[in-house]
């Protein structure tokens with residue numbers, strides 16, 4: 001009996017122990033000096049953190065690669081890496097992700113990235129694709145901004161054989177200064193700086209040295225970071241004598257580096273396992289650590305100081321930590337250009353082909369129905385179009401960002417998110433016939449609030465407590481415009497409390513704004529066609545069957561009434577049974593949308609990466625000539641702007657895809673008023689992708 005009781009007591013104690021979460025972060029150190037600092041870090045954290053708070057344990061390995069492998073094997077939890085090693089950590093089988101970033105500069109203006117740029121003199125007259133035979137200035141062999149990124153991006157232009165790499169680079173440029181290169185084996189790499197010294201004794205070494213090489217006239221182009229020219233030329237008039245080379249073979253002033261750079265390079269980053277990686281615990285630990293032992297916090301122990309070495313555990317120049325948004329994996333964190341450059345150097349692979357030999361455009365499709373239409377398009381395009389699938393629009397945008405997909409057509413709200421993620425609009429959907437459709441992008445369509453005529457007492461001013469129907473969270477007519485106007489009235493983001501219930505696909509599943517949705521099981525309230533109330537037609541159907549008000553485009557009611565939509569729920573509907581809510585509190589017939597709307601919305605637009613812009617433009621214009629609105633019989637032929645259900649890949653009422661001319665950034669395309677309205681609504685954003693992208697491009 002005593003044994004049984006004892007066993008029960010032991011089990012109870014063990015059970016209690018097992019129930020206590022492991023709050024230890026095992027930090028990986030790569031030298032004796034790092035291990036010593038890690039132990040000091042551990043001991044000082046013990047003195048300031050409660051016993052139930054996070055703690056540090058130290059694991060010593062021989063190298064950063066060993067640390068990466070140890071974390072992947074759950075033998076350690078965290079280590080700080082530079083960008084190149086973050087790439088290694090991300091690769092299978094390691095599958096690590098960035099969780100905390102070091103920042104530099106000030107707390108008010110934290111810098112977590114720098115931009116690698118190509119600087120030239122203003123009067124030199126050549127572009128990025130004309131660098132062959134020019135003289136080049138590099139910060140140093142093997143360094144990110146000065147070598148790895150530019151040479152990685154130029155890799156496929158280098159003369160073959162491309163190994164050894166130094167020889168190929170020497171044969172590409174007519175002369176170079178690449179400090180740290182072997183001047184005996186590759187004399188051309190040291191032609192502009194005799195000796196190729198690997199220290200500041202070489203006047204052309206490092207960022208400032210590479211710029212001096214350009215400034216002195218020794219070289220034609222300097223590969224440096226964006227701040228180099230500002231650090232070396234205080235006078236704006238002097239800076240104006242220089243320009244940046246852009247990847248699209250244009251030039252920009254040196255202060256426009258955010259839109260004209262070779263790659264965005266992240267600061268040193270703490271990585272952890274993608275699954276079960278303790279990322280919240282690591283952040284809790286480091287956030288408390290910077291509060292107690294950050295810059296100018298403590299004399300006993302300093303997190304960003306290395307008395308017995310340099311950059312131990314963390315960079316000495318760091319000012320603090322920022323939490324990396326959860327949506328951001330390593331590929332997104334590093335960025336497409338950086339990953340492309342490093343992959344080219346490591347694997348000997350080549351980036352996008354030139355415009356004259358465009359690779360197929362990989363179109364991103366949402367849902368089963370879109371994929372079916374895309375596959376049909378792919379077959380008819382004879383290899384010009386390939387198809388990639390994703391569950392949500394944001395997943396598609398992420399795939400385009402990292403090169404897994406190339407293009408898709410988006411509502412204005414998602415054009416905004418895509419723009420914040422570095423994508424660009426390339427063609428606009430036009431919805432009205434005119435003689436010059438492809439050359440004249442339209443001003444936009446109208447966002448309207450539709451109600452049943454029978455609900456005669458309902459106005460814009462008494463929507464509180466009513467049942468609402470939205471195209472999806474983040475979309476223009478269905479969310480951004482009406483919720484932006486509503487936010488200005490109620491000054492808070494609790495829209496699920498303002499309406500009694502609704503269907504706004506993309507809302508949290510337990511929200512009242514999912515209660516009216518009709519999707520079954522996991523498809524309920526999903527922002528794709530698996531949710532029956534998704535999109536313009538879906539939101540109108542929601543109004544017909546359950547809701548009080550639907551936020552849609554001005555064409556939605558006419559397109560789904562009078563027998564134009566043969567679906568059972570719509571075939572007997574009449575346009576006259578619906579009215580529009582006007583912002584002045586009145587109502588008008590559906591036909592009077594020009595005088596009764598919430599706002600003018602930008603037309604849907606095709607977006608892509610900057611490097612694919614020319615190819616997407618070229619191929620889509622070819623495709624619409626083959627399969628656009630000039631095809632009259634869609635029963636036996638593929639039609640780009642027709643769908644088995646509704647608005648698949650493009651809006652069904654699209655007449656053509658039009659050139660944007662100078663409206664080729666998301667700000668210019670959407671217009672200042674719309675960008676400002678969506679910017680205000682960002683306070684209410686639940687977009688994890690937008691959070692991740694603004695981390696990269698604040």
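Easy rule for this one: first residue shown is 1, then count along the chain.
Backbone N, Cα and C atoms are what each Cβ position is placed from, and that goes for glycine too.
Taken straight from Swiss-Prot:
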SIGNAL    1-19  signal peptide
DISULFID  28-67  disulfide bond
MOD_RES   42  dimethylated arginine
CARBOHYD  51  O-linked glycosylation site
BINDING   139, 143, 145, 146  hydrogencarbonate 1 binding site
DISULFID  177-193  disulfide bond
DISULFID  180-196  disulfide bond
DISULFID  190-198  disulfide bond
DISULFID  246-260  disulfide bond
DISULFID  358-615  disulfide bond
DISULFID  421-693  disulfide bond
DISULFID  469-542  disulfide bond
BINDING   471, 475, 477, 478  hydrogencarbonate 2 binding site
DISULFID  493-684  disulfide bond
DISULFID  503-517  disulfide bond
DISULFID  582-596  disulfide bond
CARBOHYD  630  N-linked glycosylation site
DISULFID  634-639  disulfide bond
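Structure with Swiss-Prot features highlighted.
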residue: 28; record: disulfide bond; contacts (Cβ under 8 Å, 6+ apart): 59, 60, 61, 67, 70, 71, 76, 77, 78, 79
residue: 42; record: dimethylated arginine; contacts (Cβ under 8 Å, 6+ apart): 27, 55, 56, 57, 58
residue: 143; record: hydrogencarbonate 1 binding site; contacts (Cβ under 8 Å, 6+ apart): none
residue: 190; record: disulfide bond; contacts (Cβ under 8 Å, 6+ apart): 176, 177, 178, 181, 183, 196
residue: 193; record: disulfide bond; contacts (Cβ under 8 Å, 6+ apart): 177, 179, 202, 203, 204, 205, 213, 218
residue: 198; record: disulfide bond; contacts (Cβ under 8 Å, 6+ apart): 140, 179, 180, 205
residue: 246; record: disulfide bond; contacts (Cβ under 8 Å, 6+ apart): 128, 252, 259, 260, 261
residue: 469; record: disulfide bond; contacts (Cβ under 8 Å, 6+ apart): 502, 503, 516, 533, 539, 540, 542, 543, 546, 547, 549, 550, 551
residue: 471; record: hydrogencarbonate 2 binding site; contacts (Cβ under 8 Å, 6+ apart): 411, 477, 478, 479, 505, 534, 535, 536, 538, 539, 551, 552
Open item on the list: Let's check the environment of residue 630 (N-linked glycosylation site): how many other CB atoms sit within 10 Å of its CB?
Closed with: 10
Task: Conformational class of residue 596 (disulfide bond) under the three-state DSSP mapping - done: coil
- [ ] Indicate the candidate from 260, 358 with the smallest number of other Cβ atoms within 10 Å of its Cβ, considering only these disulfide-bonded residues.
- [x] 358
Task: Alpha-carbon distance [residue 639 (disulfide bond); residue 693 (disulfide bond)] in Å - done: 35
Task: Sparsest-packed of the listed disulfide-bonded residues (493, 615, 634) - C-beta count within 10 angstroms - done: 634
- [ ] Work out how many Å separate residue 634 (disulfide bond) and residue 475 (hydrogencarbonate 2 binding site) at their Cα atoms, rounded off.
- [x] 29
- [ ] Inside 10 Å of the Cβ of residue 139 (hydrogencarbonate 1 binding site), count up the other Cβ atoms and send me the figure.
- [x] 29
Open item on the list: What does the structure give for the C-alpha distance between residue 145 (hydrogencarbonate 1 binding site) and residue 517 (disulfide bond)? Integer Å is fine.
Closed with: 50
- [ ] Quick one: of 177, 180, 517, 542, which of the disulfide-bonded residues has the smallest count of other CB atoms within 10 A?
- [x] 180
- [ ] Would you mind checking how many other C-beta atoms are within 10 angstroms of the C-beta on residue 684 (disulfide bond)?
- [x] 16
Open item on the list: Between C-alpha atoms, which of these recorded positions comes nearest to residue 684 (disulfide bond): 582, 615, 630?
Closed with: 582
